[in-house]
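Here's the structure we're looking at; comments come further down.
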Amino acid sequence: MKQKFVLPITPPSTAEKKPQTENRCNENLKPRRLLPQLKKSVRNRKPRLSYRPELNSVFDLDAYVDSTHLSKSQRHHMDRDAGFISYALNYSKRMVVVSGAGISVAAGIPDFRSSEGIFSTVNGGSGKDLFDYNRVYGDESMSLKFNQLMVSLFRLSKNCQPTKFHEMLNEFARDGRLLRLYTQNIDGLDTQLPHLSTNVPLAKPIPSTVQLHGSIKHMECNKCLNIKPFDPELFKCDDKFDSRTEIIPSCPQCEEYETVRKMAGLRSTGVGKLRPRVILYNEVHPEGDFIGEIANNDLKKRIDCLIIVGTSLKIPGVKNICRQFAAKVHANRGIVLYLNTSMPPKNVLDSLKFVDLVVLGDCQHVTSLL
């Protein structure tokens with residue numbers, strides 16, 4: 001008969017026993033830190049939206065901020081719309097912002113299409129011609145004007161600081177509430193901020209900010225595609241002779257490769273030309289497919305707020321992105337705000353379909369509603 005071995009129910013005497021009175025609480029649990037976190041969680045909990053204006057309602061932001069000329073009844077009526085904006089800014093959890101040049105005007109950088117914008121200062125042609133690829137690189141005089149504009153914008157933006165609106169977006173991104181900023185701006189004020197940084201060239205992981213039209217902060221070779229910080233000293237801006245500058249400067253990296261190939265007895269492959277890394281009309285967007293992929297992925301998220309700000313949406317591709325996001329946000333019972341200094345054209349609002357509130361005035365004032 002085989003003897004069965006039974007393991008002892010109690011551990012052997014050599015096992016270390018802990019006293020029953022020992023405190024077994026999680027050592028990482030710090031009650032004094034936990035309580036403020038719980039309070040913050042309760043405070044940030046999204047309350048129920050009690051008021052929604054009719055679609056395409058208009059709110060005069062400047063008049064509301066400077067309410068000295070408003071009657072008591074007018075102020076009371078506008079308080080509801082102001083509360084609606086405040087709700088969107090304070091409680092939205094997954095926001096998409098599509099911005100234009102209007103958000104940088106307060107920093108000292110002019111916009112493009114207003115009565116005092118960049119396009120209005122162009123002599124001998126339309127302002128749009130300065131951003132047309134065929135005109136800029138098909139006519140020497142237009143190339144000079146384009147260089148003047150790019151160098152001027154670069155130096156101006158270098159001496160400007162992000163605005164209160166930029167700072168507000170940076171805070172949204174810091175708090176994890178900004179899904180994406182799609183910016184049409186080339187001044188780079190937004191990407192100076194730590195939580196609105198981007199990748200140049202655009203690459204994964206997808207950054208907080210997607211630059212739809214490039215940036216004046218960089219230049220690129222059309223041949224080797226080498227990207228460098230923009231150097232204004234390379235670009236000729238007038239008719240005066242200067243051996244250090246060219247209207248369309250040659251790429252130093254390509255020239256170096258050519259020198260090496262020549263010394264090695266290899267045939268020439270040509271030297272590329274440098275240009276500001278700004279996307280122009282009538283050229284293929286080098287990152288267009290990737291931006292479309294990012295937008296399509298963002299559309300799959302549960303976006304609860306779309307803010308269109310500082311843009312007239314004249315560019316069809318940008319208007320189409322806004323239209324798709326507006327439909328998605330509306331389906332999610334979110335909020336769509338359109339902030340601009342002037343009333344958007346009816347055809348733009350009809351295309352977007354689901355704008356809850358058109359906020360007229362200086363977008364910097366909206367930060368007072370936080």
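Just so it is clear, glycine is given a Cβ too, placed from its N, Cα and C backbone atoms.
Per Swiss-Prot, these features apply:
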REGION    1-27  region 'Disordered'
COMPBIAS  15-27  compositional bias 'Basic and acidic residues'
DOMAIN    75-370  domain 'Deacetylase sirtuin-type'
BINDING   100-119, 184-187, 310-312, 340-342, Cys363  NAD(+) binding site
ACT_SITE  His213  active site, proton acceptor
BINDING   Cys221, Cys224, Cys251, Cys254  Zn(2+) binding site
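Other than Cys221, Cys224, Cys251, Cys254, the residues of this chain whose Cβ falls within 8 Å of the Cβ centroid of the Zn(2+) site are, in sequence order, Asn222, Lys223, Leu225, Asn226, Ser250, Pro252, Gln253, Glu255, Tyr257, Val271, Gly272, Lys273, Leu274. DSSP gives Cys221 (Zn(2+) binding site) a strand state. Reduced to three states, the DSSP call for Thr341 (NAD(+) binding site) is coil. Using Cα positions, the member of the recorded positions His213, Cys221, Cys251, Cys254 nearest to Gln184 (NAD(+) binding site) is identified as His213. DSSP classifies Cys254 (Zn(2+) binding site) as helix under the three-state reduction. Calculated from their C-alpha atoms, the gap between Ser104 (NAD(+) binding site) and Cys254 (Zn(2+) binding site) amounts to 36 Å.
Here Cys251 (Zn(2+) binding site) is positioned 41 angstrom away from Thr341 (NAD(+) binding site), judged by their C-alpha atoms. Least packed by the Cβ count within 10 Å, out of the binding-site residues Gln184, Thr341, is Thr341. Looking only at Cα atoms, Cys224 (Zn(2+) binding site) sits nearest to His213 among the recorded positions Phe112, His213, Gly310.
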